[in-house]
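> Annotated substrate binding site per TrEMBL: B:R345, in sequence order. Annotated domain 'Aminotransferase class V' per TrEMBL: B:32-335, in sequence order. Positions annotated as N6-(pyridoxal phosphate)lysine by TrEMBL: B:K196.
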There are 2 protein chains.
Amino acid sequence: MRSFIPPHRTLMGPGPSDISPQVLQALSRPTIGHLDPLFIQMMDELKSLLKYAFQTENEFTIALSAPGSAGMEACFVNLIEPGEKVIVCRNGVFGERMRQNVERCGGVAIVVDDEWGSPVSAQKLQSAVEEHSDAVAVAFVHAETSTGALSDAEALSKIARSKDMLVIVDAVTSLGGVPLKVDEWQLDAVYSGSQKCLSCTPGLSPLTFSSRAIAKIEARQHPVQSWFLDQSLVLGYWSGEGKRAYHHTAPVNSLYALHESLLILKEEGLEQAWKRHADTHQRLKEGLTDLGMSFVVDEEYRLPQLNAVYVPAGIDEALVRQRLLNEYNLEIGAGLGDLAGKAWRIGLMGYGARKENVALCLQALKEVLA
Amino acid sequence: MRSFIPPHRTLMGPGPSDISPQVLQALSRPTIGHLDPLFIQMMDELKSLLKYAFQTENEFTIALSAPGSAGMEACFVNLIEPGEKVIVCRNGVFGERMRQNVERCGGVAIVVDDEWGSPVSAQKLQSAVEEHSDAVAVAFVHAETSTGALSDAEALSKIARSKDMLVIVDAVTSLGGVPLKVDEWQLDAVYSGSQKCLSCTPGLSPLTFSSRAIAKIEARQHPVQSWFLDQSLVLGYWSGEGKRAYHHTAPVNSLYALHESLLILKEEGLEQAWKRHADTHQRLKEGLTDLGMSFVVDEEYRLPQLNAVYVPAGIDEALVRQRLLNEYNLEIGAGLGDLAGKAWRIGLMGYGARKENVALCLQALKEVLA
């Protein structure tokens, strides 16, 4: 057995996304202790960079030491108590996962279903909050990674707040790729992933809780069922007030990389990053349309960073992906869940949203499909 | 705000430990997709390297995508069902955390207490398993990171198994530093951390389940309360049989680093690594004794990789650590829990168990204490 030397792939799947060499370099800087004063300074900067990315002043804005699926779970186990009702909007794989999370922490999930590829319907949510006005929260996915559909988080939040419900949002694929305004839209608990439009290595989950969310946690009657995800235990660590108490050993090097990737985002500017994703998507869309492909999601709700297109009739979709990978070192994503075998998911995320990636993808697809 | 450029520290605290440049280099190799066939090959090798490190043939031997504290929680949420009794041996911070985990997943914890700095008493455990013969598991910490005490995992396991109880073991600080023989000692669920004697970056938790543990999971009456830690959902991913289903995005680069650090361990050989830890400890012990310091733990139960020594009378312990860090770029650990303010914890873990580290530590301590 030998050292593992990976090839250089161009990552245009649903994540992990292409990573800037600058971020990989940050990742391999010398490890220092997680309680080292210099590390704690870095963490303060990281928190401020995350607040910028989320467009929030939430004091509780952190990077969870685990992937986005743990970020999702952290929202439910902290905010929901046994017996509480949560309205879950489901229009893809991740809405369904939210439902499972609600039930696993003893909550009651009221599911509002929309078709795969459609956004969450504001009208259906409106009916649900009226029918279930005793629900404590509404949960939805801002950008469904399984389909590429964008939902109107601002409108959905307004509906939830009209009944004083907490708003829990999956922003795994949206953060950094399309507008996401946590404070302006009054979202209470928002989690993301490091490996999508932030173009950091996978394994961390940016997470922010509003003061309403924190108040809900502080008023809990039952202890949080997860020790690892119990955010009341780390409020002190991230608050910046006084001593950083030991909770667990932070993933030091991964946090260096996240700091670097957020710095890149801040230097570019959020608005510019959103524009770059939109522009790059436009180029890809034109090329894919020229190749005769059609999108799963209607143009109005389509995510620029995650392009789900139907596999043309008569094509062995797995073989195409395999050839792209083996011959062009290019990764595109398979369909997930209901779309398995029927669609490809082409990511243009973060550092991957570049003209050269679009050019490679279009030409390689053209050659392989020829 | 700028890129974070950490200084080069010598890490001699309780972890993260010093990391080989070879491991940092592996960490920053190009990210590939977590479903890439080459990544899956790497994961198969990683599994085989972990089996070597744990000395097990357990088919379920993985690296959890989160720190050791999540590894602990994974054992309890998967193996314990609500209402079940678990005997928890507590002789430091991590035994207490085990108790909290048992209770958070609805179990009943029967605590067997030993003094901080002492190993777990086989005699007390014997009484406990007799008194509580309806318990389904015994849990203990092999190497208590908070005190530096080593417990006799083989003897404790034998007692548990005499009553057909599962054996859950915290091997966070022991794996790679002192003998740990999962199969020979018949341990059922053993978790560790990447950042101790494996000298990898923090953030991953090696984990192994015996077939008895898997059978207990498969016979569960209640779903596992955590979605993220539900190992029944990833049995397929790690089994090596057929298709790798998507569960969450694996922390690709961190896994490169773990692969590399385990390769280094395998090349050195476990027995040689244990001997190196013991030899290096011997040098450190002699030097610390010459400086007039005394150990928290009796020689017989003392961990070579984690040396807890009492702070000499009249010394400002925090100032000493601060001077070591600022003037010598040397990190040693503070006391934790009952030992806070009273002891230092000096780690000689993995790549950190070297003569030059001992020499630096002894000379720097001598100068600062002068």
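Positions of Cβ are set from backbone N, Cα and C atoms, glycine also.
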> Where's the emptiest Cβ shell within 10 Å among the recorded positions B:K196, B:R345?
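So among B:K196, B:R345, the recorded positions given, the one with the fewest Cβ atoms within 10 Å is B:R345.
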> Within the domain 'Aminotransferase class V' (B:32-335) only, compute the mean pLDDT.
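It averages 96.
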> What's the CA to CA span in angstrom from B:R345 (substrate binding site) over to the residue listed as 'N6-(pyridoxal phosphate)lysine'?
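Cα of B:R345 (substrate binding site) to Cα of the residue listed as 'N6-(pyridoxal phosphate)lysine' measures 13 Å after rounding.
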> With H, G and I counted as helix, E and B as strand and the rest as coil, say where DSSP puts B:R345 (substrate binding site).
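DSSP call for B:R345 (substrate binding site): strand.
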> Work out the three-state DSSP category of the residue listed as 'N6-(pyridoxal phosphate)lysine'.
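The residue listed as 'N6-(pyridoxal phosphate)lysine' sits in coil per DSSP, no helix or strand.
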